[in-house]
Each structure stands twice: as structure tokens, then as C-alpha cells.
Amino acid sequence: MHFGLCSSRILCVRVCAVSFLRVCVLKTTVSMPKRAKKNEEAVEGETGNGAEPAKKEKKGKEPEAPILYEDPPDKMSSKDGRASNMKITSWNVDGLRAWVKKNGLDWVRKEDPDVLCLQETKCAEKALPSAITDMPEYPHKYWAGSEDKEGYSGVAMLCKTEPLNVTYGIGKEEHDKEGRVITAEFPSFFLVTAYVPNASRGLVRLDYRKTWDVDFRAYLSGLDQRKPLVLCGDLNVAHQEIDLKNPKGNRKNAGFTPEEREGFTKLLEAGFTDSFRELYPEQANAYTFWTYMMNARAKNVGWRLDYFLLSSALFPGLCDSKIRNTAMGSDHCPITLYLAV
């Protein structure tokens, strides 16, 4: 009888223990999904993709904020202490008529350069908008366009002071028919504005571009023997890796091929100085062109294709070389040179 009582107590304890365990397991089973769901909702709210926390750590990094370039305050005197007395602005407008409609001239009036050089105007002289042909600020205006293709290429130069002489092209018909160069002679220097040909998609014009580089360099060197010069415009090449956002992915693309970069190097070796890189040798993320695709400008995924090059004789008078990257109206931004001449 005593033995039987012990057995009953043992059985009771076992039943109670089993029941307790079942209750604990049941509570755990009920509460775990609630915590998991809460975690999933938190992750979904952060990433918008409903990923689990472990995957989020690996793949769900927040996109890096773009590194933008801030144009520093203008320097108005040269290293040798001379005050700037010449201000030149260059802008690839990617279609003059569209650029005028986007209020490009309002920006020009605020910038107020002594000379305004434009590239890729894509507009015959007979079709120029009156808003620019009638500008009283620039009484001396010069235009060059493609002879063969309507709405292709084209450059312009607008001056407050009349140049001594103005010529068009570089003296070679195969290049000059595309309307890519205007040269103005001033008392102490030549000003050349150029829209250098693009090697094009698939590099179909790379051979032509190589020929252009040789002929254009010879033309500039000939001018330089007579009088120092300023070259400005869209030169359609990013010279060094620092001059574009993604150099590794563009080595075989127009504007960053070894051949085009070598052509630019030879131009510098001929006695000309890249004014911006001379003043700001380590400045990265400073670009003048951004494709319209993939929100490239907001992300500052760009190229530095627009330049002011100076003859060595003018270099001592260099005050500043500016990239006006906040000016809108084209897939390029304007650049401005301050010079003491």
C-alpha cells in the first residue's frame, strides 16, 4: 500500500511535468512568429525589398551619396600679381535653339564674359534665333556650321570687342566642311574655339579622329609661332583617369581610348598647358559632361571633356580656370577662364 502510494505520486509528477512542458512549448511556438514578423517589417521598412536581416547586411547597403564638385571662389589675379583683364567662357550647348529655350542666355548675361564660345550649335546661320543674334552685349558674332549635314556640329564666337581678324577652319577641306573651328586674333593672342570630332559609337571614326589630332596640332603650333594662343572647347577626350568617373569601364569607348589620350598628350607636349589641371592637379570629381541617361548628372557620373589650353607664353597670366557645373541647359556645363594679358 505504501509502495502503491509512491507510484501514484510519481505518476502525478510525471503528468504535471509533461503538461508544463507542453504549455511552455506552446507559448514559445506562439510567440516566436510574432517576433520574426516584427523583424521582417522593420527590414522591409528600411530597404523596401522585404529582405531578411542576414541578407540585408550583405546586399542591402544604402547607396553612397554622390561626390559633387564645388567650384571654388574665383581667383582674380595671376601668380605674378597681375589682375585679370580677360574673361572667356566656353560651352557645348548641344543644340543652340534648344539651349536658348532653356534660358541659357540668362546665365550668360550673369556670367558676363568678354568672349563667349559655343560648340555643337547644330544650327545653320539662317536659322539662328533672334534672341542671340540681337544680343547688344556682343556686337561681334561669328558662326560656323556643317556644309553637308543640317543640324550637325557647328561652333560660334561672340565678342564684346572686335577681333583684329577671324578665320574659319584649319585649312584642310576634309575637316573644315564640318564647321568645327573659329579662330579670332586679338592684339596679344589668338583665341581658338573648337568642337573636336567624336570617335563615335563602336569607334567607327577613330581613324579619322587620329588624323584630325595630327592636323589640328600642326595648325595650333603654326599659330603659336606667330602669337600665343588660347584654345577652348569640347575636345572630346578625358585625358587622365582622374578626368572621368569610371575609367576602367571606358578604356575602349570613344573619349578615353589610348589613341585619343595620346593625341591629347602630344598636344600638351607641343607647348600647351591644361589650365584647370595645372591649377588643380589633384582635383577629382570635376566633370563638364554627363549623359542624359541613368540620372548621371545628379550622381555626378561624368567626364571632363571641355578645356582651356594655353600657350606657354600665356601661362604666367593664368588667374583661374572654372567649371560652372551648376549651370543647366545642356549635357555639358560651361567653363570660364580668367586671364591677365
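The backbone N, Cα and C atoms fix where each Cβ goes, and this holds for glycine too.
Annotations in TrEMBL come from automatic prediction, not curation.
Other Cβ atoms within 10 Å of the Cβ of Y195 (active site), summed over all protein chains shown, number 24. The active site annotation in TrEMBL covers Y195.
All protein chains included, H332 (active site, proton acceptor) registers 24 other Cβ atoms within 10 Å of its own Cβ. What TrEMBL lists as active site, proton acceptor is H332.
Other C-beta atoms found within 10 angstroms of the C-beta of D331 (Mg(2+) binding site) number 18, with every protein chain shown included. Positions annotated as Mg(2+) binding site by TrEMBL: N92, E120, D234, N236, D331, H332.
Per TrEMBL, compositional bias 'Basic and acidic residues' is recorded for 53-64 (among others).
Positions annotated as compositional bias 'Basic and acidic residues' by TrEMBL: 72-82 (among others). Sequence-remote contacts of a segment are chain residues at least 6 beyond its ends whose Cβ falls under 8 Å from one of its Cβ atoms, and for the compositional bias 'Basic and acidic residues' (72-82) they are 316-320, 322, 338, 340.
The domain 'Endonuclease/exonuclease/phosphatase' annotation in TrEMBL covers 90-332.
What TrEMBL lists as region 'Disordered' is 35-83.
The Cβ of N236 (Mg(2+) binding site) lies under 8 Å from the Cβ of Y195, V196, P197, N198, A199, R209, A254, G255, E260, L305, each on the same chain and at least six residues away in sequence. The site 'Transition state stabilizer' feature in TrEMBL is assigned to N236.
TrEMBL lists D306 with the feature site 'Important for catalytic activity'. Within 10 Å of the Cβ of D306 (site 'Important for catalytic activity') there are 23 other Cβ atoms, across all protein chains.
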Self-check item: Neighbour-count leader, CB within 10 A, binding-site residues: E120, D234
Solution: D234
Exercise. Take every residue in the domain 'Endonuclease/exonuclease/phosphatase' (90-332), average their pLDDT values, and give the whole-number result.
Key: 97
